[in-house]
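What TrEMBL records for this protein:
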type     : residues : note
DOMAIN   : 31-436   : domain 'Cation/H+ exchanger transmembrane'
TRANSMEM : 21-41    : transmembrane segment
TRANSMEM : 53-70    : transmembrane segment
TRANSMEM : 82-99    : transmembrane segment
TRANSMEM : 111-134  : transmembrane segment
TRANSMEM : 173-196  : transmembrane segment
TRANSMEM : 216-237  : transmembrane segment
TRANSMEM : 271-290  : transmembrane segment
TRANSMEM : 302-321  : transmembrane segment
TRANSMEM : 341-362  : transmembrane segment
TRANSMEM : 383-405  : transmembrane segment
TRANSMEM : 417-439  : transmembrane segment
Amino acid sequence: MQSILSYATVGENASPEHAEVVPITIFVAVLCLCLVIGHLLEENRWVNESITAIFIGGVTGILILVLRKGKSSHLLRFSEELFFIYLLPPIIFNAGFQVKKKQFFQNFITIMLFGVVGVFISTVIISLGSWWLFPKLGFVGLTPREYLAVGTIFSATDSVCTLQVLQQDETPLLYSIVFGEGVVNDATSVVLFNAIQKMDVSKIDSQTILSVIRSFLYLFSTSTALGIGVGLLTSLVLKTLYFGKHSSIRELAMMVLMAYLSYMLSELLKLSGILTVFFCGIVMSHYSWHNVTESSRITARHVFAMLSFVAETFIFLYVGMDTFDMEKWRMTKLSFGTSLGIYSTIVFLILVGRAVFVFPLSTFSNFMNRNKTSPLTFKQQTVIWWAGLMRGAVSIALAFKQFTYSGVTLNPINATMITNTIIVVLFTTLTKPLVNYLITHGMRNQNNHGAGEGGEQPRSPKDDVVLPLLSFDESASANMQIARDNFSMLMDRPVYTIHHYWRRFDNAYMRPIFGGPRHNPSEC
């Protein structure tokens, strides 16, 4: 642990055995303070947990800076190992475990368009834009690889703030898309960031670009498959052995450890741990959750949410403290006007990058889901566009990974990029009030899918097709008619058709093996 959390100077007069105890004790106390203040501000729709943690972190940083006579504002030193190994897994796993699967998969095409294609578009625009504009502002020295890294760093969204404004029951479509895009976007950004670190930037041509795309598709598919595989294995073990007859603790321990194992296996195999643990969480909530006792089900949801909450609060507290790291600010050696120009440029490029893909891809998504009675409206597209402005934990982690060594840098250019990232995260996190304004009462009451009661899609005569497969018991003409009907259904409503047949296959084959009720057709 010593390599991860290094003692700064708060406890420099303490005995050696207390060298790490003092700063960790103070940090935990500040975390508790965040919980109390967050509770008191729970009814305030203009402030969320992220803003509260950043504000308290900033105040704490100022106090530490005063006590240390301006030397440092840190209690702990940030490490990408701390973030990617200890803090990120519970956040992403809980996102997959708590996701409303039906909404997520019914909007799967839209989510993947925004979360994957959108990241590539945004990365290109931010990279090229910064490459062109930074030198004009007097900021030079970044390498081509670093410009590409900047594109991925600022393409990673933070949907946590927005999701604390959006209500899942009031705006199911918006919530599903923003939530799904946030998780897929973070995974895509990390995978693309790692691919850029390996690519040969001395000659960027079509072959290099194709190589990056192939690498990305490989990592995306294999990471997803690994997460699904570990989730199914966990479900099968829990269903077969039934730990609950002796101890519900073993059930929870099995789920937690297997989820963490999936993440670590993915990292060991140089895949995307984010994608792996996210889909592992989806599979566990779909199958494993039904194989444990009732007390374990209730406990699991609260425990996973608690771990995610603490990890997120930890990260934003650190961001608040790091805002007043005088070492980095002194090292940048840029005038206030130049610094302001760089921050404004980055925010401008983020907005342009999102606008370039959100509105065109929304139009394409509406076409693909053209039989929905309520496509994405312009106001909903605007909310999605603005919600994606927020940057958070992943951007911070990638920036530290690219421009520092264990949270420390002695390079003025690198220090400038770290301070840029912190200011952008602070500024964009405070945009929550505008999102709150955009979500009017009328939008909240919209039935986003044109669904009937319970969120079901309007039924069509084509929904009565038994299976999308030909049968040896039918005549050739009957089989041709089945094929035509299913093809027509697939072309007419591709997302709903795939979801419909997956549900039937899941009820008939998957749930009897891996667990879960088979009588509820509304489940994904």
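For all residues, glycine too, the Cβ spot is worked out from N, Cα and C.
Bear in mind that the values here come from a model prediction, so they are computed numbers and not experimental data.
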Long-range environment of the transmembrane segment (216-237) - Cβ separation under 8 angstroms, sequence gap at least 6: 116, 187-188, 191-192, 194-195, 254-255, 258-259, 261-262, 265-266, 269, 271-284, 287-288, 291, 513-515
For the transmembrane segment (173-196), distant same-chain residues with Cβ under 8 A (at least six beyond the ends): 92, 95-96, 99-100, 103-104, 106-108, 110-112, 114-116, 118-120, 123, 145, 148-149, 152-153, 155-160, 162-163, 166-167, 212, 215-216, 219-220, 223, 272, 274-275, 278, 374, 376, 380, 383-384, 387-388, 394, 398, 401-402, 439, 443, 446, 448-449
Stretch of maximal Cβ-Cβ contact with the transmembrane segment (111-134) [cut-off: under 8 Å; candidates 271-290, 341-362, 383-405]: 341-362
